């Protein structure tokens, strides 16, 4: 029996434990930068295993597990995130979140569970492969500044030759694996805008400097950043996602606050989008006789899947298509963002999509990531573990 077959056999034997662990994590979600119990659970999992475990890596509860093979060789990183979201769960499952207002609505419970048992299987076989594998159990993917950047900056991954990760997506069928070469997920900037005017009586607007009307103008004008200031061949999104202007029927408030997000699939559009918004804000100050405070934060970079490493993964998985998964698909890049991007800024690698559409649900009825009724097919756990195991053993041997 070959090494991959041994690994797959071990993973199949661990599938029930994977699912049980995933459900435990799902019932006990923790928000970004507050994942103390989740981190302890992960640390305890490796406690009696022959590996080096480094905790509290980066700006939070990051954990790096170093597994050394029978001899020196390539060093490859495998990453899974473990934070949850501030969402009240509405999914119809027996293992619903027990933490009010907190939910694993993006599959990070799945990511953590499969990597734990893939790691355990690789440890059990470490006398049969060459090189070093670093398991990256990452905190705080969901909230800026995220955990990945600080883990990279800590230097603990400086020796990586390659890095790989997986994200499960219910918009892909179970058995489908998605690969995207090049820019795969959008870079992200977030903004908060406070507009200070001069309030007064709703019946006498001429005596006010109406911040609400100025805010409404900003919402409309911000759409021209994409339609009139960006190359139509590029992908840029500007969304105002909050507009807070409470008041009575006869009161014009003196201040409004807005916030939103900017996404771009070309890193070179990051600064021009910011500059365009600054120009709009300055124009609003002049036109409406208000003052504006724009807090614009550059966040996660564009996620870049290195073409060479993506091609390696494509070749590796093409040989396995029809066995533990059905087929490879090639989705469009996503306007969603991921701080896995920080790993591939420094180290060649790729981010793999694994299908997790719930059984018996039409695609049009699937609840997407970050929805309170988000659900996944638990068959995606074993597929994810085998996929990353297939990739890492092949790349260590290359």
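Every residue number used here counts from 1 along the chain in the order it is shown.
A Cβ is built for glycine as well, from the same backbone N, Cα and C atoms used for every other residue.
Those TrEMBL annotations? Automatic predictions, nothing curated.
Binding site for Mn(2+) per TrEMBL: 106, 108, 167, 370, plus 142 from the candidate set 89, 128, 142, 397. Mapped onto three states, the DSSP output places residue 142 (Mn(2+) binding site) in coil. Other residues of the same chain near the Mn(2+) site, with their Cβ within 8 Å of the Cβ centroid of 106, 108, 142, 167, 370, are 81, 83, 85, 104, 105, 107, 141, 369.
The binding-site residues under consideration are 108, 167, 370. Their Cβ neighbour counts within 10 Å are lowest for 370.
Classification of residue 108 (Mn(2+) binding site) by DSSP places it within a helix.
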